[in-house]
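Feature annotations, courtesy of Swiss-Prot:
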{"type": "CROSSLNK", "residues": "7", "note": "ubiquitin cross-link"}
{"type": "INTRAMEM", "residues": "207-227", "note": "intramembrane segment"}
{"type": "TOPO_DOM", "residues": "1-29", "note": "topological domain 'Cytoplasmic'"}
{"type": "TOPO_DOM", "residues": "74-86", "note": "topological domain 'Cytoplasmic'"}
{"type": "TOPO_DOM", "residues": "108-112", "note": "topological domain 'Lumenal'"}
{"type": "TOPO_DOM", "residues": "134-139", "note": "topological domain 'Cytoplasmic'"}
{"type": "TOPO_DOM", "residues": "161-166", "note": "topological domain 'Lumenal'"}
{"type": "TOPO_DOM", "residues": "188-206", "note": "topological domain 'Cytoplasmic'"}
{"type": "TOPO_DOM", "residues": "228-237", "note": "topological domain 'Cytoplasmic'"}
{"type": "TRANSMEM", "residues": "30-50", "note": "transmembrane segment"}
{"type": "TRANSMEM", "residues": "53-73", "note": "transmembrane segment"}
{"type": "TRANSMEM", "residues": "87-107", "note": "transmembrane segment"}
{"type": "TRANSMEM", "residues": "113-133", "note": "transmembrane segment"}
{"type": "TRANSMEM", "residues": "140-160", "note": "transmembrane segment"}
{"type": "TRANSMEM", "residues": "167-187", "note": "transmembrane segment"}
């Protein structure tokens with residue numbers, strides 16, 4: 001039998017038998033909201049980079065934080081669903097605006113960095129999300145403590161680097177941050193599944209977790225590529 005004649009069973013590939021149907025429906029809502037966030041964040045980034053109508057700064061950062069807190073404080077119910085989706089869209093928009101300075105930096109170095117970083121982030125996020133979805137339930141939840149410890153270490157090193165000003169430490173933080181965020185995609189995806197299995201169906205807030213994972217991954221990868229490109233240009237000179 002010719003192995004090239006075999007048909008791929010896509011239904012089997014997309015079958016998550018260890019996840020209950022209600023949780024699968026919940027995940028569909030989470031990823032639909034995530035897609036909305038990506039679209040709105042792209043609009044926010046466009047406003048900063050192209051139109052300059054709204055610029056990233058202290059006000060946009062505070063606005064983003066305020067909307068996230070407001071969203072978190074608003075209880076999840078059918079009556080508040082539309083309001084919370086509006087808050088989510090506003091948060092995603094200002095988050096996109098906040099990406100503006102990093103985007104401008106990369107455009108100044110090499111505009112091709114942006115599509116490369118986005119496609120790379122999308123591939124990383126998709127692969128790690130599928131790994132978490134296909135894996136045995138709770139198999140990645142042990143990462144929580146390790147990831148939080150790594151985040152604390154990164155925070156301390158970033159604060160220390162304010163005094164040392166080491167470019168090597170900054171770049172090491174970028175690479176470590178990229179690795180940590182890959183871990184958070186695994187952890188957050190499985191945590192969302194477990195919360196949904198235990199009755200927590202707040203898909204809007206669960207979407208925030210994954211959206212922040214993606215944005216942070218994108219920012220880290222974008223800056224890594226930008227620094228590598230700058231190093232290549234220096235070597236050519």
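Keep in mind that glycine also has a Cβ here, set from the backbone N, Cα and C atoms.
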Range from 30-50, 87-107, 140-160, 167-187 with most C-beta pairs under 8 A to the transmembrane segment (113-133): 167-187
Chain residues in Cβ proximity to the transmembrane segment (53-73) (below 8 Å; excluding those fewer than six residues from its ends, i.e. six or more beyond): 44, 47, 84, 87-88, 90-91, 94-95, 97-101, 204-205, 208
Beyond the flanks of the topological domain 'Lumenal' (108-112) by 6 or more, those residues with Cβ under 8 Å of it: 226, 229-230, 233
For the transmembrane segment (140-160), sequence-distant contacts whose Cβ falls under 8 Å of one of its Cβ atoms, 6 or more beyond its ends: 132, 169, 172-173, 176-177, 180, 183-184, 186-187, 189-191, 194
Cβ contacts under 8 Å made by the topological domain 'Cytoplasmic' (228-237) with residues that lie 6+ beyond its boundaries: 109-110, 113
For the topological domain 'Lumenal' (108-112), mean pLDDT (0 to 100): 93
